[in-house]
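Colleague: Handing you this structure, nothing more for now.
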Amino acid sequence: MRRVSLLVFWLGCLVPSSEGVNPGFAGRITRKGLDYACQEGVATLRKDLPAIILPEFSGTYRVKIIGNVNYRFYRLNFRRFELFHSTIEPMPGQGLRVSISNALAEMTGHWELKKRWLKDDGSFELKVDGISISVGLKLGSDATGRPTVTTLDCNTHISNVDIDISGKWEWLYNLFETKVESAFKTVMESKICEIVRTSINSKLQPHLQSLPVTANIDHTSNIDYSLVGPPVATSDCVDLDLKGEFFSTGHRSPAPFPPPPLSFPVDHDRMVQFGISTYFFNTAGDVYYKAESLTFWVVDEMVPQEIKIRLNTSSFQPFIPQLKKLYHNMPMKLKVSPSSAPSLSITPETLSLTPSVDIQAFAILPNSFLAPLFLIGVTSPVSAKVAVNSTRIFGNLKLGRLKFSLKHSDVGFFSVQVLESLINFLTASILIPQMNARLAEGFPLPLLDHLELSNPILQAHQDFLVFASDVRYG
């Protein structure tokens with residue numbers, strides 16, 4: 001299965017879609033990344049080959065005077081395997097070409113000769129050199145948004161086969177050694193491509209079909225990482241367009257806005273690149289807003305003692321006289337909630353958003369019912385920072401200067417400026433820290449198992465972020 005995972009990595013471990021659908025998240029593997037995948041694949045192949053048992057090889061050869069002799073070679077095991085040159089190259093508009101040239105294999109096994117009146121067996125050593133293999137892989141996607149791979153072509157050539165046997169009747173074998181070596185070469189050339197096609201159909205493709213296309217974040221949201229179109233191979237890289245959309249765990253509905261265009265140049269110095277659109281972040285804001293996950297309640301016990309205004313009507317009476325008449329000496333409660341979904345803006349210079357927050361004040365009546373008092377609107381520019389580690393993407397928000405407005409009052413007009421210290425506390429000490437706590441947990445990147453990013457570099461563009469990175473597999 002580890003070899004299968006490496007082949008999946010070759011497909012673009014992780015950009016225009018064929019159907020014109022802009023992605024919320026884009027992945028790219030460059031030539032440097034393909035070279036690394038090839039290197040890891042060769043290392044894994046060397047490690048796994050000793051455990052592979054090759055199929056037996058048998059035939060019949062006519063020897064003068066003696067007649068037909070049946071031979072069989074079996075229990076073939078790899079003793080040595082060298083790949084002196086191997087590459088994975090993108091094929092523009094199609095997929096990938098995996099090539100191996102000048103490979104060498106040494107094997108051991110057992111042989112057997114049979115004739116009605118004689119029988120002999122023994123061991124043998126087999127050396128196959130000048131092995132060349134070229135496999136074309138067509139990349140696509142299915143209706144579920146998972147990648148697909150099929151074999152376009154497969155060609156194998158072996159320059160030389162040399163068999164050295166030991167046994168009592170080896171002189172008899174030597175009579176038709178050249179014939180057996182030639183037949184062995186022909187069979188191996190056809191078997192290699194047969195094994196490749198079988199591996200792709202029975203191992204790689206089923207593995208691709210089992211890849212998850214959603215990631216559960218919490219009880220509120222999931223992320224859709226399905227492909228919006230087939231992978232695109234160019235002369236420099238392989239690109240994948242992913243949906244990159246947060247959606248509700250309870251009820252999925254279309255996002256109320258489209259994703260912006262997402263296109264960026266190839267960074268040849270890094271193995272992989274990721275493009276993250278504002279669509280990715282803003283669908284998160286939309287889901288959490290609609291689920292009321294960004295709403296919280298504040299009672300007096302939560303307010304520090306240094307804040308002079310307490311959450312009771314007696315504290316508010318000096319500047320809201322109606323409170324003494326209507327709700328004298330009653331505790332209060334505040335509902336803090338966004339008035340609209342937060343929306344992130346990305347430019348080459350800044351990452352920012354200007355959230356609008358409503359603070360609804362209530363008096364808590366003796367029967368525990370809530371009586372509405374007033375509604376204050378608060379806006380503030382917020383700067384954002386985004387970071388990535390080896391597997392996740394993180395965020396952090398920093399609050400700017402607050403602006404207040406009285407949106408509605410059930411107790412008469414008053415100046416909201418007198419509540420400045422309380423509102424500053426609510427936003428700076430409760431609202432923003434709660435949001436930052438969630439952002440600090442991070443969100444998973446669509447990476448394969450055992451794959452981690454190394455030294456990522458982040459850049460901001462118009463409406464999207466790009467980070468380029470090397471990778472480690474292990």
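Placement of Cβ uses the backbone N, Cα and C atoms for every residue, glycine included.
So TrEMBL has the following annotated:
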- 1-20: signal peptide (SIGNAL)
- 28-251: domain 'Lipid-binding serum glycoprotein N-terminal' (DOMAIN)
- Cys154-Cys193: disulfide bond (DISULFID)
- 266-469: domain 'Lipid-binding serum glycoprotein C-terminal' (DOMAIN)
Colleague: According to DSSP, does Cys193 (disulfide bond) sit in a helix, a strand, or coil?
Modeller: helix
Colleague: When you measure from the Cβ of Cys154 (disulfide bond), how many other Cβ atoms are you left with inside 10 Å?
Modeller: 18
Colleague: Determine the mean pLDDT over the domain 'Lipid-binding serum glycoprotein N-terminal' (28-251), rounding to the nearest whole number.
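Modeller: Value for the domain 'Lipid-binding serum glycoprotein N-terminal' (28-251), mean pLDDT as a whole number: 87.
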